[in-house]
């Protein structure tokens, strides 16, 4: 018995560890792991099926095959444990040691490790400073290398071909040593003095000036210093001993029919052993050189194939013509060790089945089929049966359960009570894809799911399946109940809005009972209270939709949060009173007194959650659902073809549009408009027409005329089924209704361009063959896209999770002073996102002042909840500074003050919340949803008509910002700058609307004018870009040569001629140098200057420009000289969307990116090169910056214009790296957040900004060293921000110069691979490369992230595991401190003295005590 305890003790867990280190293994280390040398390639004996001795499965080396039984059977059972059998040499122990005991092979000749040779950059190559080709020539015996030149004039490391070697031998005899093969490389590596090399490189780096050399030296220095610091020896990259994997990890399994299935590794090992043994034999025989060499080369190839098959040369194929899986293949890729077995494992106690709807369940319940429950809860049932004495043994209990007697069902009921189960639906895109429920036993074989959680799971009941898991331990049950229960997940983690919201038929039911109808039965009745209304309705005295007057009791929350009751009379619809019956006290009646669309219901639940708490909300949501189902059934809403009402004006609208199109075709034929313009205009006409038809249809469908009580005709909202469904938000949208009863409109081709001829029919009328054919185009693309994009989106999510996985809230407050400024997001005059939504749930970084009284409204560090955001709105404050994830200075992770509200819970985020993963899921989840939804509108082109004017939406005053204008003769202003804005301020002076004013817009108001809502204040042509005169004078053409740089086009009808500039590509050689431009001169033919400067009024004309004026014409200020046609965009849906988001997060440099001004100053143009223009910016202090800009780029600044640093000079998509470099971190964050949000906003998806900020923070983790100062960092090295901070703190203590850095932006893939943790990086992508680099550097992984801890099988350092890790670290820290104190206290002589005294002392207890003190 004592032995047994000892045995169990010896098999306890491995010791606690804090970090993992990866290093190169020295030959000694490999031998120390090994339990014996594998000498034979045999695996098992074909007759006895026992492993061969000294073979690949040898029991003597690797351990016994059966538990506690040696191979020959002499020793069996536990009592002989630990004995080594003298007959077969096998140790008597557990068979599972065959999973952990390794062997080794002594190689007859050293072999290079392929990873350090071929994985780029080649480590061996860098160390030796020899090219990879040369190393391969040496290794594969094509050349000699001089190892020791001796007294000869050969260079060390010089390569000699066979002939050269023989010549050298003749010339110098044996004064020099030259070798080939891995021995040569090994010797070269052994001769490297790493320390001296590092010193030499550092000195050389300081003296060198050339860029390329610096780069090369830095690369070498990095690798060498890595070897120096890690204690790896270079020669260990050459193998002399090869470890052999334990046999149970490369099994040989007998199949039926006498054949064997074997792991590929066995084949690879066999080849190595065969070749090694043959080589040994040849060496013993002193075989001729050429044969030995060939054998050595074959051995090298065999080892290469074993380590990483296919990396060099052709891969070794197995019997069935497929590549053999090598050791490297075992760990990399989706089916490799990391992703298949370590990051995700299959779990026991789980089942799956089809789901069906459970409308009678409560929110916290799920229906579990009895059959499944019985199987899942088996162990619990067994123990209960034994406890009750119904069964004596497990076997008896098993029998009872199999017979399914009544006592078993009773016990199952008990076991299941309050034992939560987890339900999961694949794909689990965010954390709401797994939730906990209390099981309710149901008959049948399908799981019943509560309808309200379908949104969270994205589930429907068309055959979806779900998996059930049982949390076994008490802790697991507790977590499931308190954190994962569906009732605790009412809010969406991505945006903080309720996700337990009724949808579809429930909404339809609620909408139906809250509608009112003119002249319904019982209209105008008065009731004393709500109960009376219910009785009247039940006795058919009053209709659901009748307008009635009722006295209701209303409880409203006061400031203190108590409910104050009051009575009042309300005039409302009877159905709303029925709904009011179930509304909890504390909600105002106004929230119910309206048709309950989906938005209204969401608002109702949101208000309930914020004001009355979770419990009330959950109960209320359930009641709403029951009521919605009930009345949706009562309403009898359905769809018939007659519900699709086609408007009568449709024909007229369409024929009008056709006339317009014909008119434009005429203009095109006569050359008045270009091909591009014609196309744009036609598409615009049809887009507008489609909207008009849709509007007519909506007017027709949404309103019906009825007679009221007096017999007069009145209009009321229609009860048309389709209208009700789309209006309530239950199903369908205006866009879909438009296709059913309006016109289908323009279609897109698969490449996104729009087909000019629209489909004028709708689905009610039916499509003809041509229209149907055009439709299939877009529809089919939608289907193809869906398949591709689901994968894309999943991959994006994976990268996001990987980059953010180690970001956890680690402290309450980091104490930073940095912050970001928040403003409402305004686009084209619409406030797309008001300030309240952007700052809700954040922490103020600076106090907010009342703009009128200058009093402090809100203090610094205030948490902005709904109430405080209302205060901001009341005082119309439009910019505040708030804390942000980007500026947080927490050492690891982030602090809760910088993050703000936990969106899924509604309070400030708790320490330990894994916000990185939440952010990644919130951004990734809609990606998948959206991609799956491209095809729903059947590829109908929804291109917005191009904006061509500014119409003010609110009354107020005009302010013109950064706007340069010139005044035309008629008195209008014309904008001649690009970055100008027109702002509308309300009477309080707060900004309501912002509009970008494009170049060339005519503005009809002045700065400070008052405007009324609906007034048009600016106009322009959206399809062309004008060039406008800023001075009056006479035109002169320069370099405009007919037939060379320009062509005349004459309009036959009007006789007008216009001039078109030809593109440089089409010009003859002589014309390529010419730069067509127009200049303005005065009466004396002298150049005129632009106002306020010495810059001549020259206007360069890009290719494709239309000139409307002739040479010598007189022009006024603000006239249009020329027009540059603009091409239109393709349709943008999330297709453009998903790749766009990926590009932003990958920080890719866009093609033809915008060119930004590197410094602030005045623009001028210098001498051009062949195909590039030269733009010079001169700063006020006289420094200049030159920029070469390709000729075809449209430069948006003119000579003499002043630009600010970071302003756009040449149009194009902006490059995030430029923004970071020129405008700083905050501007970059702002740019990425807005760009990503725009993509999602187009799809109507709400994501809170802070999630995107969290990802951006991770992309900005690294900095580039610009000046290393006194630190050990290298120039231009990329280092973690925190590491630089640490190094600098050390230097400051010594009064040295600190390192200077600049932030750099890494794309999410790069950032994931550049993370400090090599385990996390290796399990993400490019496993081989990551592990190679890590092992050379002897990297240490502190296991700070979530992934690393999952991989080593620990609790994650987040959530409930956070405190466990904190305690563990604290204990570890304490023991280190104690050790240090001990070391400080006792000197060696003191210890010696104490020890001798202790030994002398007679009482042994004291001696023990003294030793303890030591």
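Using N, Cα and C of the backbone, Cβ positions are placed for all residues, glycine too.
In this view, residue 88 (Zn(2+) 1 binding site) is surrounded by 17 other Cβ atoms within 10 Å of its Cβ, with every protein chain counted. What Swiss-Prot lists as Zn(2+) 1 binding site is 70, 72, 85, 88, and the listing cites sequence analysis.
Around residue 462 (Mg(2+) binding site), no same-chain residue at least 6 positions away in sequence has a Cβ under 8 Å from its Cβ. The Mg(2+) binding site annotation in Swiss-Prot covers 460, 462, 464 and is backed by sequence analysis.
What Swiss-Prot lists as Zn(2+) 2 binding site is 814, 888, 895, 898. When secondary structure is read from DSSP and collapsed to three states, residue 898 (Zn(2+) 2 binding site) falls in the helix class. Around residue 898 (Zn(2+) 2 binding site), taking its Cβ as the centre, 29 other Cβ atoms fall within 10 Å, counting all chains.
For 1392-1403, the entry in Swiss-Prot reads compositional bias 'Low complexity'.
Residues or ranges marked as region 'Disordered' by Swiss-Prot: 1392-1414.
For residue 88 (Zn(2+) 1 binding site), the nearest of the binding-site residues by C-alpha distance turns out to be 460; the candidates were 460, 814, 898.
Long-range C-beta contacts of residue 814 (Zn(2+) 2 binding site), restricted to its own chain and to partners at least six residues apart, with a cutoff below 8 Å, comprise 888, 889, 890, 894, 895, 897, 898. Listed in sequence order, the residues 355, 459, 461, 463 complete the 8 Å Cβ shell around the Mg(2+) site centroid, once 460, 462, 464 themselves are left out. Apart from the site residues 70, 72, 85, 88, the chain places the Cβ of 59, 71, 73, 74, 75, 86, 87, 89, 90 no farther than 8 Å from the centroid of the site's Cβ atoms, the recorded Zn(2+) 1 location. Taking the C-alpha positions, the distance from residue 70 (Zn(2+) 1 binding site) to residue 464 (Mg(2+) binding site) comes to 52 Å. Ranking the binding-site residues 460, 464 by C-beta neighbours within 10 Å puts 464 at the top.
For the pair formed by residue 464 (Mg(2+) binding site) and residue 72 (Zn(2+) 1 binding site), distance between Cα atoms is given as 55 Å, rounded to the nearest Å. The Zn(2+) 2 site is set by 814, 888, 895, 898; from the centre of their CB atoms, other residues of the chain with a CB within 8 Å are 811, 813, 816, 883, 885, 887, 889, 890, 894, 896, 897, 899. In this structure the alpha carbons, written CA, of residue 85 (Zn(2+) 1 binding site) and residue 460 (Mg(2+) binding site) are 64 Å apart. For residue 460 (Mg(2+) binding site) paired with residue 72 (Zn(2+) 1 binding site), the C-alpha to C-alpha distance reads 61 Å. According to its DSSP assignment, residue 70 (Zn(2+) 1 binding site) is coil. Most other Cβ atoms within 10 A: among the binding-site residues 72, 895, that distinction falls to 895. Every protein chain shown contributes to the tally, and the Cβ of residue 70 (Zn(2+) 1 binding site) ends up with 25 other Cβ atoms within 10 Å.
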